[in-house]
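J.: The following block contains the structure, expressed as structure tokens.
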Amino acid sequence: MKNFYYFILILLFFNEVCYSLKDGEIKLHLIPHSHCDSGWTSTMNEYYMGQVKSIISSMVQSLNVESNPPRKFVWSEIGFLEQWWDDMPIEIKNDFIKHVKNDRIEFVNGGWVMNDEACASLESVIRQLSNGHKFIREKFGKQPESGWQIDPFGHSSLTPTLQAQFGYKHVVLNRIHYELKKKFKEEKNLQFKWRGSPEGVGPKSDILAHVFDDFYTSPPHMSFDGYNFLAYGLPRLTMEMIELARNRSVFYKSPHVLIPMGGDFAFKNAYKSFEQMDQLVASINGQHANGESNVICQYSTLADFFSDTINWHNENKVSFNYYDSDFFPYADDSNTYWTGYYTSRPLLKGYERHVSSKLRSAEILSALQNDEKYYPNQLLNASKQVSILQHHDAISGTSKKHVVQDYFSRLQKADILVSEQSEKLLASALSQHSPTKLDIIDIGGSLNFPKNNDAISFILFNQLSWSKEELISIKVQSVGDHGESLNSPTNNACPYVLAQEDFLNEIEIDCSPRSDFKSDQSDDHKEFIQIDFPAKLKPFSSKLYYLKRKSNPNKSNWVLPKTNHFNSIENSIYTANLDENYLIKSLKSKSSRHGGGANQITEINQQLLTYSDIGGAYIFRTNKQVFQPPRQVYSTFTYIGKFYQEAQSILQDTHQISNRNGYYYYYGNNQQQQQQQQTISTFNYNSIKLINTGNEMIDKKINFNFHIRGINGTTTINRFTTDIDNNRELYSDNGLEMMHRKSISSQSVEVGRETQSYYPTINSVYIESQSTGKRFVCNNDRSRGVSSQGQGCLEMALHRSLTYEDGKGLEIPAIDESSINARFECYLDEVPSNSQQSNGGGGGDDIRKQSINYQHKFQIYQGQDSSYMSSKSFMLKPLPEFIHILSMERSGPRSIKLRIHNIENNNQSPITFDLNGLFSFIKSIKSIKEYNLSLINRFVDNNIDNIISSHRSIVGKNLFPIKDTPTRFNPINTKQTKITLYPSEIKAIEITYH
């Protein structure tokens, strides 16, 4: 009897699946899924062992049951899947492969994780997606066609731009501003063609977006991991689902309704869940077959759902509307803006950026080998660890403390792997013989003299594909072999001399006695000597230097700290006027190209300020005006060297902070418990540095460094208040392009609403005045929140430590008392003439190039044997100015893979260049293959012309004109070595060579 019952269910199901919808009928597409965070309240490994391993196994076993209606499942997080794959016997793996082949398991997103969209960089998003696609291609021969960004806290326009170029045609979104979601539902615009790069690559960034009308979890009472089925009974659940279908169908133009079935770590008992869902599906379809309902139901993948939806739109000639911006900030009510996580856990954000840059450099070094040696496995392992950090509860800083520590451990593991491999790779690239090992010197590290050795050698390496100049700052030990101090202020000369290539080629340096800053002002300061000198390196090149102890060097400037107060510091570009705290008051320009003209004064008025923050890891929420804590200047130092002038101050602030011995919650306007207050003093280190090398592109940038710690219950910001008439608008980047950001009002912002005008920035932010043509730009060392809270104002959030919990799942406050060095560089510039238009924001090419320079500093390696070290250039000719090799890695003994990016202004023409004769290690090019951005899957036409669009904006007017170039599919001619790139376009290729 039971078998007969299931036979009837199968007949009913297949009858409905093949059924062609009639007018007035609704088709429910149930999408079974399990959203498995790669760390959040538990670590990734804790989640895997405790839940995810059994979820995947249970799901596969449930799909093996053929006696039920055809079950389907979508899976996203490939990092978890690799762990599971390595644990499983071949029989279960074969079951999984079978279900993928039969389209019953679909990979959606297919990244290593589901990446955050506000804090992850362009390079890191590409990396984590590529690692996931590599696993999918190698194990299953498939590639994803749909994005599944259901949990990030707001959506970036970088998402459609990248995913479309990874071969995706559709993406599912969830968290958009509550007012927008309401508007889209009312106007049936929850589905639209999303163009991520309207001024850049245009059609190449188009994707069909679907926004959940509610949330990514199962509808009420429809989660079948628990007891809902028994509690409510099949008849009631059937009627509720039919009513749900009718209610939700009014939000869409087509009668196809997507219903997510699952949620966080759902399907722990997939067999039970599917058995109950089978009965629900059969009951719904049975009522339809009996003429009692207009709703039919099936399990679907995203491919099924989008295919049916697009076909209906085409058959009925109903177009999708259009959107060409992003979805920041995200809010779920008027008092809850998810703008805090842009800045939360800044130490983690900064360390991830540092390790990612090192990893990129190591991958490039792997391609530069001349003896066919490369180390792909170690670098791939490091790449996977870095990819985990892109998860939307990792780089966002929204995990519990022990999970954050796990992320640090993963980064440290990757850091060690990358250091070990890059030391070998550079040594191998410089010599075909058996070189001794090089030691990479990280930021904050120092060069070390072996005992009884008066000279050491080191190498600088430029990992960028254009020539670059920097002012190099290197720490050197301050104690001699016999324990004598080398940096005593009573010394009258620098104890070191620096030479390039050999000791006959001595170069001029600034040499200064220093000590590390300790935020607690303890006495255990580490003393050192700092060597500063300008260095210019060719693209992908190394340069050899020698440092030697010498008592009276001719070209070493001994720069002693001055303790008397300076009102200003200067270089060839600016005079920077300082206030009593050694923060900038104004800039006087010495050049007509900076600040509006020679002798023109631009008000800057820098402040280090504090918000009282009653939000949590996700939510930035204030309850009083931003303020400066009571402050004293503890000490000041000024260094006046040949190549720089630097003003340093130590500021002692007094804070009234909340007692952190209890946990407190804030919901809406109600504080559940009054916190006890205590008074503490903190010491903040501030440095402002003007560089004087004679290179205008370097010297125009003012270098800032704040050494600060998190203060409980606060967000610490740096604010510039300028005389630039910006109408409280600013531009911040999404990792690829600058985005125009409007503030909520042109008037002064009332308390509690400041956070509504906060936006994320990955690398750069600026304000400008179209009337005066003046622009103020800042490049950042990590992602952070930025805003313009008043006319001429630009502020950047630097640190947060929370004593309230915002009710978003962490359950405990995100207390973060870590000390960080928050670095950024800022400069005055002119608004390019080609941006004198309604949208503004031109000149993004130079801003992008300068931010890349800031992100990827020269790397320093100390050598043990200089006979195997040399200055060497691996590029034989320069690329055009704005052509950037985004990534490069060895793919085989005689092949390399590259992503090449045209970062030029979107108003410019395409650029053509020749790969032939570009690299010193390539004698001749044998063949070229083109891939999509994954560098895993070939570049094929993922045409979406069948998705008809009105090009009518779903929000106001279109922000940008509709452009049709470059075309979505524009393959290169692989029979020749010339490449053409449109502005903002990225091409991914593999070169096989002789």
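Note that Cβ sites are derived from N, Cα and C of the backbone, with glycine treated the same way.
Fair warning: this is a prediction, and the values are worked out from it, not measured in the lab.
Per Swiss-Prot, signal peptide is recorded for 1-20, and the stated evidence type is sequence analysis. Annotated Zn(2+) binding site per Swiss-Prot: His35, Asp37, Asp151, His392, in sequence order, evidence recorded as similarity to another entry. Positions annotated as active site, nucleophile by Swiss-Prot, on the basis of similarity to another entry: Asp151. Sequence annotations record features per position, and here Swiss-Prot assigns N-linked glycosylation site to Asn247, Asn381, Asn554, Asn712, Asn932 based on sequence analysis.
Structural setting of the listed features?
T.: All protein chains shown were included, and the count of other CB atoms within 10 Å of the CB of His35 (Zn(2+) binding site) stands at 18.
The Cβ of Asp151 (Zn(2+) binding site) has 19 neighbouring Cβ atoms from other residues within 10 Å, across all protein chains displayed.
In the three-state DSSP scheme, Asn247 (N-linked glycosylation site) is classed as helix. Of all Cβ atoms in the protein chains displayed, 11 besides its own lie within 10 Å of the Cβ of Asn247 (N-linked glycosylation site).
Just so you know, the Cβ of Asn381 (N-linked glycosylation site) picks up 14 other Cβ atoms within 10 Å once every protein chain is counted.
In the three-state DSSP reading, Asn554 (N-linked glycosylation site) counts as coil.
Secondary structure at Asn712 (N-linked glycosylation site), taken from DSSP and collapsed to helix, strand or coil, is coil.
Just so you know, the Cβ of Asn932 (N-linked glycosylation site) picks up 22 other Cβ atoms within 10 Å once every protein chain is counted.
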J.: If you count Cβ atoms within 10 Å of the Cβ of Asn554 (N-linked glycosylation site), leaving out that atom itself, what do you get?
T.: 8
J.: Tell me the Cα distance separating His392 (Zn(2+) binding site) from Asn712 (N-linked glycosylation site), rounded to the nearest angstrom.
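T.: Spelling it out, the Cα of Asn712 (N-linked glycosylation site) and the Cα of His392 (Zn(2+) binding site) are 24 Å apart.
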J.: Roughly how many Å lie between the Cα atoms of Asp151 (Zn(2+) binding site) and Asn932 (N-linked glycosylation site), rounded to a whole value?
T.: 25
J.: Relative to the Cα of Asp37 (Zn(2+) binding site), which of the glycosylation sites Asn247, Asn381, Asn554, Asn932 has the closest Cα?
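T.: If we rank Asn247, Asn381, Asn554, Asn932 by Cα distance to Asp37 (Zn(2+) binding site), first place goes to Asn381.
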J.: Return the count of C-beta atoms lying within 10 angstroms of the C-beta of His392 (Zn(2+) binding site), excluding that atom itself.
T.: 25
J.: Using Cα coordinates, what distance in whole Å links His35 (Zn(2+) binding site) and Asn381 (N-linked glycosylation site)?
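T.: Rounded to a whole number, the Cα-Cα distance is 24 Å.
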J.: So which other residues, same chain and not among His35, Asp37, Asp151, His392, have a Cβ within 8 Å of the centroid of the Cβ atoms at the Zn(2+) site?
T.: Cys36, Ser38, Trp40, Met114, Ile150, Pro152, Asp264, His391, Asp393
J.: With DSSP assignments reduced to helix, strand and coil, which class does Asn381 (N-linked glycosylation site) get?
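T.: Its secondary structure by DSSP: helix.
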J.: Would you count the other CB atoms within 10 A of the CB of Asn712 (N-linked glycosylation site), including those on all shown protein chains?
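T.: Summing over all protein chains shown, Asn712 (N-linked glycosylation site) has 21 other Cβ atoms within 10 Å.
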J.: Could you measure between Asn381 (N-linked glycosylation site) and Asn247 (N-linked glycosylation site) for me? Cα positions, answer in whole angstrom.
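T.: About 48 Å separate the Cα atoms of these two residues.
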J.: In whole Å, how far does the CA atom of Asn247 (N-linked glycosylation site) lie from that of His392 (Zn(2+) binding site)?
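T.: On Cα coordinates alone, these residues lie 31 Å apart.
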